[in-house]
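**Student:** Pulled the feature table from TrEMBL, pasting it below:
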- 230: active site, proton acceptor (ACT_SITE)
- 280: active site, proton donor (ACT_SITE)
- 324, 458: Mg(2+) binding site (BINDING)
- 209-462: domain 'Chorismate-utilising enzyme C-terminal' (DOMAIN)
Ligand SMILES: C=C(O[C@H]1C=CC=C(C(=O)O)[C@@H]1O)C(=O)O
Ligand SMILES: [Mg+2]
């Protein structure tokens, strides 16, 4: 772990637009030009970012060529921002039940002197009070990383960035020369293979269908006793493949089949990779302006426009799904009432149409009151009743007691923070990838009137995107 106690940030940008192939040379020129000044200026650990504009780039292809044990990918739902990153220049990691406010303040302290385009990427465990199982342990309760190399593609252009912490001016030359050697092998643009994924030979569901029925029955009893009104219960579906999976290939295929989603991949220091395509924004903050949304209630997409409309109408008129969604709307509005002013909420519900499913959908915006920030937003909004339940604390307790696995980062906040902005998605429709195994996590909101069998089916539909990119040979229940 590199301790990054930088007191200042120097950003050095290249004027000329490079191609991916000559990016290393362009950055080398940039470094050479700036060595004398850097040597003089740096007397303490300093974050130095070298940035060049790229003519064109494909972040996913670039990422597939990176051998680094830390690899990250994030693209937003509007496909307006895409970043691939490799290596780590700094990380903030916490296990157990950490003090979220202190950790977020620490991140903001590290970002305080940086430019707006410096971002830490990472996420939080769904429930830090529940013990982490072996596979999720390396992700901790919170992990954020400032990448060493980043390739970004956005409406504002394409950029390649190197973030370095320079300890002392007289070490600059030596450190940068070592960096350039690595850079020579960095900039490659071979496209990601679109070959089919290996064959999945075994599928296991935890809980199995019988256990699912029992868990739902227990939840309904909790509703009847009055201690809970909603709980979101998840399943873990494990697929075992004939050979090792390539995460970037899987991500590429997931991108091809799932539209309107945040696509992500987090692999830290050789640990299992967390991969997914979530439709749900937890919140986005631009300065004091906050955007959040309620996504809940589900129907499949139809095979024809008429069938699709029939599903949509059925969803809009379903008392059970409307209640599922209302709990989420109310919870977000309650948080906004507490932390914000100028709350804008839609006059009526709309639909979020994804590749395989459609959801009830409400968008909100507001202005954050003075004195509140990301730690307050994360602590209060997460988990919304789209992934937790009502009341929040009781639902989290019941989830830990009823689900036969650790959720880890599934349904947790995942995203990025910069000096003045942040964006977090809800880490659903996601999977943990280890060599030839894929653990897919998917849940469904349970309220009074929910039936175990149709909730099982709802999860099968949500799983559809992951299943669509695989060829499954056999099914087994755990
Ligand atoms: C918890 C998940 O979905 C949530 C988001 C949208 C609709 C949901 C539902 O209708 O049950 C869930 O609340 C998941 O996909 O793992
Ligand atoms: Mg539902």
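Using the three backbone atoms N, Cα and C, a Cβ is placed for every residue, glycine included.
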**Student:** What are the non-local neighbours of residue 324 (Mg(2+) binding site), defined as same-chain residues 6+ apart in sequence with CB under 8 A from its CB?
**Tutor:** 230, 296, 297, 360, 385, 445, 447
**Student:** Give the subset of the recorded positions 230, 280, 324 lying near ligand 2, defined as CB under 6 A from any of its atoms.
**Tutor:** 324
**Student:** Given the recorded positions 280, 458, which one is most crowded in terms of C-beta atoms within 10 angstroms?
**Tutor:** 280
**Student:** How long is the line from the C-alpha of residue 458 (Mg(2+) binding site) to the C-alpha of residue 280 (active site, proton donor), rounded to the nearest angstrom?
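**Tutor:** Residue 458 (Mg(2+) binding site) and residue 280 (active site, proton donor) have their Cα atoms 17 Å apart.
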**Student:** Per DSSP, to which secondary structure element type does residue 230 (active site, proton acceptor) belong, with helix, strand and coil as the options?
**Tutor:** strand
